[in-house]
Amino acid sequence: MDPNLQYWQNNGQSFLSRLGLWSKILDPTLLLSQAEIEEARTLIQNEENTPGKNDKVSNAWLLSLSSVHSDTGAVISPAYRPQVFLPISAPLVVGSLIAHKGIKSAMFWQFVLHTYCAGFNHANRNATATKDNKTTMKQSLLILGAVSYSTVTGALPQIILQRLRLISSLTQTICRSFLPVPLAAGLAAFNILVVRSEEAENGISLFDANGNAVGVSKEAGFKAVKETAISRATLFGTTAALPTFLMALLERAKFVQRNPRLIAPIGSMCTVITFGLMIPVSFSLFPQLGKIKKENLEKEFQSLDGNEELFYHRGL
C-alpha cells in the first residue's frame with residue numbers, strides 16, 4: 001500500500017478529519033516542482049527515523065498527498081492536481097452557468113469544462129483497473145463520447161431558448177434557473193461514471209488492514225466510482241443551485257433593482273465562492289481509503305481470514 005493510502009487510513013476516517021486535511025491539501029502554494037515532491041516522498045518514507053513530527057514532515061505529507069498518485073507513485077500532472085482544481089475550473093464553471101447570447105458560446109464553455117473535468121477525473125482515478133496503469137483505446141473513446149454528450153446536453157437550456165423563441169416566461173425561468181441544477185449535477189456524475197467505468201468492469205486492488213494486497217474486486221471498483229460520482233454531483237449541483245437561490249433573493253433588494261448591472265458580477269462571485277467552499281466538502285464526503293465488508297465482495301474474498309472489512313483506494 002502506498003504511503004499516501006496509509007496516511008489516509010490513519011488520519012482520514014471521519015468527515016471532519018478529512019475536511020481539515022483537504023482544506024490544507026487544496027492550498028495552491030503546494031504546486032511545487034517534481035524535485036521538491038520527490039524530496040518530500042523520500043522524507044516521509046524515512047519518517048520513522050525522524051525524531052518526532054515537525055513542520056517539515058507535516059508539509060512533506062501534504063505535498064505527497066496533493067501531488068503523488070496513490071496507485072502508481074507517479075507525480076500527477078500539474079494541471080490535474082487537487083490544489084489547482086479551483087483556480088482552473090472556477091472560471092469554467094461560471095462560464096458554463098451564465099446566460100449566453102448564442103448556442104456556440106454556450107457549447108464552447110460546456111466543452112472546455114467537461115474536457116477539463118474528464119482529464120482531472122482520469123488523472124485521479126484508481127489506476128489499478130488497467131494493465132500497467134495505462135489508458136486503453138476503449139477508455140479514450142469513452143472519454144471522447146462523454147465530453148461530446150456532456151457538451152450538447154449541458155447547453156440544452158440555451159438551445160431551447162434559442163430555438164424556441166416564442167415560449168412562455170415560465171419556460172424561460174425553468175430553462176435559466178431550474179434546469180441547469182440537475183444538468184450540472186447529473187453531468188458531473190455521468191462524467192465520473194464513464195471516465196472511470198473500467199474500474200467497475202475490471203476491478204480494483206483490495207488491501208487488508210495491514211496494507212497487503214489481497215486481490216482485485218469489481219464490487220469495490222463499482223463502489224469507488226459510485227461514491228466519487230455522488231461526491232462530484234454534490235459539488236456541481238450545489239454550485240448551480242445555491243447562487244440561483246441567493247440571486248433570487250438579492251434581486252428583490254432595492255439597491256440591486258436600482259443597479260441591475262450588478263446582478264451578473266454578484267452572481268458570478270456567488271458561484272465562485274460556493275464552488276470554492278464546496279470543493280473540500282465534496283472531496284471529504286467519502287474516505288480516500290474506502291472500506292467494504294467482505295460479505296459485499298466476490299466469493300473469493302468472503303473466505304479470507306482476518307478482518308471483516310477490506311480497503312480500496314477510492315480515487316478522486
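Including glycine, each Cβ sits where the backbone N, Cα and C put it.
Model, not experiment: these values are computed from the prediction.
Feature list (source: Swiss-Prot):
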type	residues	note
TRANSMEM	83-103	transmembrane segment
TRANSMEM	141-161	transmembrane segment
TRANSMEM	174-194	transmembrane segment
TRANSMEM	230-250	transmembrane segment
TRANSMEM	263-283	transmembrane segment
* **Remote residues contacting the transmembrane segment (230-250) - C-beta distance under 8 A, at least 6 residues beyond either end** => 93, 97, 117, 121, 177-178, 180-189, 191-192, 256, 263, 266-267, 270-271, 274-275, 278-279, 281-283, 285-286
* Which residues, given as numbers and ranges, are at least 6 beyond the ends of the transmembrane segment (263-283) yet have a Cβ under 8 Å from it? -> 18-19, 22-23, 26, 82, 85-86, 89-90, 93-94, 97-98, 231-232, 234-235, 238-239, 242-243, 246-247, 250-251, 256, 316
* Remote residues contacting the transmembrane segment (141-161) - C-beta distance under 8 A, at least 6 residues beyond either end -> 96, 99-100, 102-103, 106-107, 110-111, 113-115, 118, 122, 167, 171-172, 175-176, 179-180, 183-184, 187, 190-191, 194-195, 197
* Asked: When you scan the chain for residues with a C-beta under 8 Å from the transmembrane segment (174-194), skipping those not six or more beyond its ends, what do you find?
  -> 96-97, 99, 114, 117-118, 121, 142-143, 145-146, 149-150, 153-154, 156-158, 160-161, 225, 228-230, 232-237, 239-241, 244, 248
